[in-house]
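Taken verbatim from Swiss-Prot:
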type	residues	note
SITE	Asn10	site 'Discriminates between blocked and unblocked aminoacyl-tRNA'
BINDING	Tyr15, Tyr66, Asn68, Asn114	tRNA binding site
ACT_SITE	His20	active site, proton acceptor
SITE	Asp93	site 'Stabilizes the basic form of H active site to accept a proton'
Amino acid sequence: MIKLIVGLGNPGAEYTATRHNAGFWLVDQLAREAGTTLRDERRFHGFYAKARLHGEEVHLLEPQTYMNRSGQSVVALAQFFKILPDEILVAHDELDMPPGSVKLKLGGGSGGHNGLKDITAHLSSQQYWRLRIGIGHPRDLIPESARAGARPDVANYVLKPPRREEQDVIDASIERALAVMPQVIKGELERAMMQLHRNP
């Protein structure tokens, strides 16, 4: 059963629409669905709400520590409410998946994502669930003939808003993720994965 859903992103209006904030977009939608508002909760270093979703009580969290210190926020809440790593779902942007794709997985490495890296370090565990929201990689924007030796600027890419057509398919992927939240929250994660991964 999932008791805590974390959205990763950077605080501040200048980052709201950037690719790196895709995790925030999902949690914002969940808060709207639950008819609740995320509020600044200093003891958890983030915006927090306790929500009733699909008949269950769920904690929603958006760390306000900047991405590379997200673990500080997650562990503060998890320890306070005695939530185990495998009861946590972290929604985050995923460079290695194209815009419009979304996948669930348990555990694994950070894939170079600093937010995941810090959460793993603070929880002393990789065994938490991830909802990977595809944002694409800047190398995909380089013509194939020019890719050899090219060094795309990943940091700049994730801190820019998606193009309009990318935003549309990212929004659609978040809608697909929201559609499986009843199973996710109830702990039927294998079923949720089958349903989500059936729709690329």
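Here the Cβ of each residue, glycine as well, is placed from N, Cα and C on the backbone.
Since we're looking at a predicted model, the values are computed, not measured.
Mapped onto this structure are the features recorded in Swiss-Prot.
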{"residue": "Asn10", "record": "site 'Discriminates between blocked and unblocked aminoacyl-tRNA'", "Cβ within 10 Å": "21"}
{"residue": "Tyr15", "record": "tRNA binding site", "Cβ within 10 Å": "18"}
{"residue": "His20", "record": "active site, proton acceptor", "Cβ within 10 Å": "23"}
{"residue": "Tyr66", "record": "tRNA binding site", "Cβ within 10 Å": "16"}
{"residue": "Asn68", "record": "tRNA binding site", "Cβ within 10 Å": "12"}
{"residue": "Asp93", "record": "site 'Stabilizes the basic form of H active site to accept a proton'", "Cβ within 10 Å": "26"}
{"residue": "Asn114", "record": "tRNA binding site", "Cβ within 10 Å": "16"}
Recorded positions clustered about His20 (active site, proton acceptor) [Cα within 10 Å; pool: Asn10, Tyr66, Asn68, Asp93, Asn114]:
Asn10, Asp93
TRNA site span - longest C-alpha distance across Tyr15, Tyr66, Asn68, Asn114, in Å:
16
For tRNA, what surrounds Tyr15, Tyr66, Asn68, Asn114 with a Cβ no more than 8 Å from their Cβ centroid?
Asn10, His20, Thr65, Met67, Arg69, Ser70, Gly115
Using Cα-Cα distances with a 10 Å cut-off, which of the recorded positions Asn68, Asp93, Asn114 are near Asn10 (site 'Discriminates between blocked and unblocked aminoacyl-tRNA')?
Asn68
Fill in the CA-CA distance, Asp93 (site 'Stabilizes the basic form of H active site to accept a proton') to Tyr66 (tRNA binding site), as an integer in Å.
14
